[in-house]
Amino acid sequence: MSGCVFPSHNWGEWNDSQLQPTIQRLMKGYNRYLRPNFNEGPVEIGMSLDIASIDAISEINMDYTATIFLRQRWRDSRLVFPGNESVSVDGRLVSLLWIPDTFIPDSKRSFLHDVTVENRLIRIFSNGTVLYALRITATIACNMDLTKYPMDKQVCTLQLESWGYNLQDVVFYWTRGNDSVKGLDILRLAQYSVESYYTSVSEAVYETGKYPKLVLHFALRRNVLFFILETYVPSVLLVVLSWVSFWISQSSVPARTCIGVTTVLTMTTLMMGARTSLPNANCFIKAIDVYLGICFTFIFGALLEYACAHFYTMQHHTIEDIHRALLRDLNESNGNGPIPIIRSTQPNHSVEISSTAEEHVEQSLNSDTKNNAGSKEDMPGQGCGLSSVKDASRRAAAIFVVENPHNIDRHARTVFPTAFLFVNILYWLYYLFL
């Protein structure tokens, strides 16, 4: 044991003895702080992407989380070696080479996978081409327009830029155009489907200069079937349930009131639940909010319809009672007149009285008319003005007088479904085809 000699290695740093002979020759005199083609023109860097997954798309935060495989290629003449083969080296040797300072400008959070080691790949070809690949998970911002939610289509982007090297130093390009992006065709999402995608090359302009930029555009179409089953169908059923009260007798006050109040409260709960997963932004009037507002209006209108029908029914009964009381007092004052015969015929509850009572009523009306005529002759100017005001008030009151309150329910059975069907046609035509 005392004769064994253990070689001393500097495990914190790489030295020439730990490199393969080819790598050792390539690294001799290599300066990783200087880019390739220094003072000879920009370095052309080709990029390609594999979209492994899109884990979450958040409308509240307006972002999406994606796991991507980013591959970058460039040529470094300092790494040329004889032969036609390539050399794959450990990813930890990336600290010995010059690599681009590519970053994602719209990224909120991102990290490099490191299980079991950092997911990096370095491959050097004989002509000096370097392939650098890594696996990244990033949460990237996406500006969304939710005015047609849940029938919306969102266009999100994935941008790649150079942090410190401007256009005089590096140039970015897609290696195979739109075919440089893989994985979106077979991607399966919970609420969305990838409708289309394309790539573009542009430049980012900042105060410090112009920098290369590559952009991946992809359109996401939301699957509306889930929302139809969860929100649209229950709201339609609640509207139809509110129409059941039109076929219930107006005398059943508890039944009709219970249906109206229950449907209003249930619709309110449904509206609150539909907004929990959406941003509370005043600038967005979403399509689902419009539809729920329409349904709530029809349900509330059905409740108001019963209130109006009940009011006119009670008013009609009150007028009949007053009429009967006046006729009874008139017959009692005459003493010898026959008892008026009062009977209700059709639903308009018209009242028939005896001929003797009619004569007494007509005589009292004629005497009142003569008295009014005498007063008008005394004050011709003022009487004309008062009579015109009274006539106008009678006409205005006649507009709100309903002869048969039961006709309100009869007309509501037709008006409410027809209006709701018409509004639905306009709604779906606008949000699906416009």
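Numbering starts at 1 and runs along the chain as it is shown here.
Placement of Cβ uses the backbone N, Cα and C atoms for every residue, glycine included.
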Practice task
Have a look at 132-152, 153-173, 258-278, 384-404 and point to the one annotated transmembrane segment in TrEMBL.
Solution key: 258-278
Handout entry: Segment-level pLDDT (mean, integer) for the domain 'Neurotransmitter-gated ion-channel ligand-binding' (23-223)
Key = 92
Fill in the blank from the handout: Within the same chain, the residues 6 or more beyond the ends of the transmembrane segment (290-309) and with Cβ under 8 Å of it are 231-232, 235-236, 238-239, 242-243, 245-246, 250, 256-257, 260-261, 263-264, 267-268, 270-271, 274, 405-406, 408-409, 412, 416, 419-420, 423, 427
